[in-house]
Amino acid sequence: MEKILPRRNSLSLPWTVSVASGYTLLRDPRHNKGLAFTEYERDAHYLRGLLPPALMTQELQEKKLMHNLRQYEVPLQRYMAMMDLQERNERLFYKLLIDNVEELLPVVYTPTVGEACQKYGSIFRRPQGLYISLKEKGKILEVLKNWPERNIQVIVVTDGERILGLGDLGCQGMGIPVGKLSLYTALGGLRPSACLPVTIDVGTNNEKLLNDEFYIGLRQRRATGQEYAELLEEFMTAVKKNYGEKVLVQFEDFANHNAFDLLEKYSPTHLVFNDDIQGTASVVLAGLLAALKLVGGALADHKFLFLGAGEAGTGIAELIALELSKQTKAPLEETRKKIWLVDSKGLIVSSRKESLQHFKKPWAHDHEPVKGLLDAVKAIKPTVLIGSSGVGKTFTKEVVEAMASINEKPLILALSNPTSQSECTAEEAYTWSKGRAIFASGSPFDPVEYNSEVFVPGQANNAYIFPGFGLGLIMSGAIRVHDDMLLAASEALAAQVKQENFDKGLIYPPFSNIRNISANIAAKVAAKAYELGLASRLPRPKDLVKHAESCMYSPVYRSYR
């Protein structure tokens with residue numbers, strides 16, 4: 001039942017769609033306000049008697065929910081409570097997340113989302129997002145049309161093969177696109193209705209899941225080769241057909257071999273972005289640019305050693321090389337030589353070139369073979385050590401001590417997620433380097449006290465980059481992603497680090513200011529899209545930062561007339 005009433009003097013919006021009434025309204029997460037419905041709205045929308053008589057402001061609802069959330073001692077319980085809230089009252093969910101971002105980010109995303117994915121079958125209540133499995137082959141366009149929203153601006157898609165550092169979680173990887181898109185709204189201001197989480201289920205090679213009676217996906221081994229490629233091709237074609245040229249498709253947590261191939265294949269024809277390759281690279285480069293203020297010198301004065309040569313490691317390495325090339329005007333082949341990678345077989349060197357996967361080949365430099373990480377640190381003498389291996393406890397005491405003996409202020413980035421997979425902890429980095437390390441990690445760590453001094457570890461979290469990056473692409477109507485946009489995003493993030501952050505040893509700004517940071521990143525990315533002729537929203541706005549802020553979704557309740 002819908003009802004249109006005469007306008008009142010209170011703030012009302014010129015809605016194009018009237019809101020459902022009565023019981024249906026209370027069950028609609030997008031429009032439900034719970035006890036915040038006014039007396040007038042309760043009469044106007046047939047809510048009398050369906051709610052207790054008390055009136056409660058959104059702020060009071062927020063206070064109550066934060067109090068309740070803090071009672072839970074188990075992070076997964078907090079995650080489930082947040083997901084329940086999202087299903088019940090969307091605006092309150094986002095208000096909570098925006099106003100308490102530093103406290104709630106680890107709950108709705110890394111590290112808790114990893115555990116949620118592992119247990120997704122058991123905690124599964126209401127389906128979120130779109131599941132496209134091999135059963136839907138030949139019908140993907142029809143499946144997309146089943147989604148109730150027509151105007152989609154960003155799709156986050158996974159096939160669940162490499163969830164964080166946890167491996168193949170199959171269909172249960174859906175927690176990742178759902179989590180990423182809630183951050184797109186909270187941190188980047190995209191409308192929730194413009195976001196579509198997708199899981200492509202081609203099976204799983206995880207025996208535990210295949211034998212789990214509560215598993216929610218296809219019970220078969222992973223499809224590969226032509227069968228896999230055809231399903232992805234049909235999906236990418238259907239997305240463009242249904243949502244147009246300007247929909248952003250963000251690939252998330254695909255295994256290395258597929259991640260590189262998909263990015264390479266669809267970059268020329270679609271607006272695509274791989275967060276593990278490009279987002280991670282951009283946020284790490286931002287940290288390195290900011291860290292120069294603490295360690296001194298230009299980027300070109302530094303030498304980089306990576307543990308891990310997968311999509312994250314090689315993605316970061318390539319973006320560092322591009323930035324070096326831009327700064328020094330030297331060719332990319334030259335700047336790559338400042339960057340060394342160690343994989344499971346040791347240092348990547350020229351003599352191994354024949355046996356290397358294609359994405360590792362550019363990093364095979366002239367050097368005698370070196371087996372382990374410690375020997376590589378001693379041989380290469382890097383100023384920066386970056387972990388992207390997905391293997392915990394690999395930055396040992398000897399490795400950190402070696403870095404500290406070579407450098408006055410060793411820069412150590414332990415990026416693998418979740419916390420259990422981190423190459424070392426913040427405490428280990430500060431203690432073993434005698435308080436000299438500049439440290440950042442992928443998962444959050446608490447401040448560390450060493451020698452009566454407090455060190456605050458930074459978090460190289462992709463959430464700094466992708467929401468603002470996506471907003472910049474969308475508000476400029478970009479049709480393709482260009483590497484220069486990633487460099488622009490890194491430089492914009494590095495510029496947001498203030499002196500008071502550096503004084504604490506931080507190389508990233510606090511998350512409490514994330515919407516402003518995202519607006520600045522969006523402005524720089526959009527500016528680059530206009531400069532490269534890749535933007536389709538014309539004319540270009542005069543003040544891109546203000547324009548970005550004006551585009552952002554607000555979770556404050558609306559008044560219904």
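Heads up, the Cβ atoms here are built off N, Cα and C, so glycines get one too.
Marked as domain 'Malic enzyme N-terminal' by TrEMBL: 86-267. Residues or ranges marked as active site, proton donor in TrEMBL: Tyr109. Annotation comment: TrEMBL describes Arg162, Asn417, Asn461 as (S)-malate binding site. Annotation source TrEMBL lists divalent metal cation binding site at Glu252, Asp253, Asp276. The feature domain 'Malic enzyme NAD-binding' is assigned by TrEMBL to 277-530.
On the structure: features taken from TrEMBL.
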residue	record	contacts (Cβ under 8 Å, 6+ apart)
Tyr109	active site, proton donor	Gly179, Lys180, Leu183, Ala463
Arg162	(S)-malate binding site	Asp168, Asp253, Phe254, Ala255, Asn256, Ala259
Glu252	divalent metal cation binding site	Val156, Val157, Thr158, Ile176, Pro177, Lys180, Asn274, Asp275, Asp276
Asn417	(S)-malate binding site	Thr110, Pro111, Gly114, Leu164, Gly165, Gly442, Ser443
Asn461	(S)-malate binding site	Leu105, Thr110, Val283, Gly442, Tyr508, Phe511
Practice prompt. Let me know how many other Cβ atoms fall within 10 Å of the Cβ of Asp253 (divalent metal cation binding site).
Written response: 25
Worksheet item: For (S)-malate, with binders Arg162, Asn417, Asn461, what's the maximum Cα separation in whole Å?
Response: 18
Fill in: Cβ neighbours of Asp276 (divalent metal cation binding site) where a neighbour is any other Cβ within 10 Å
23
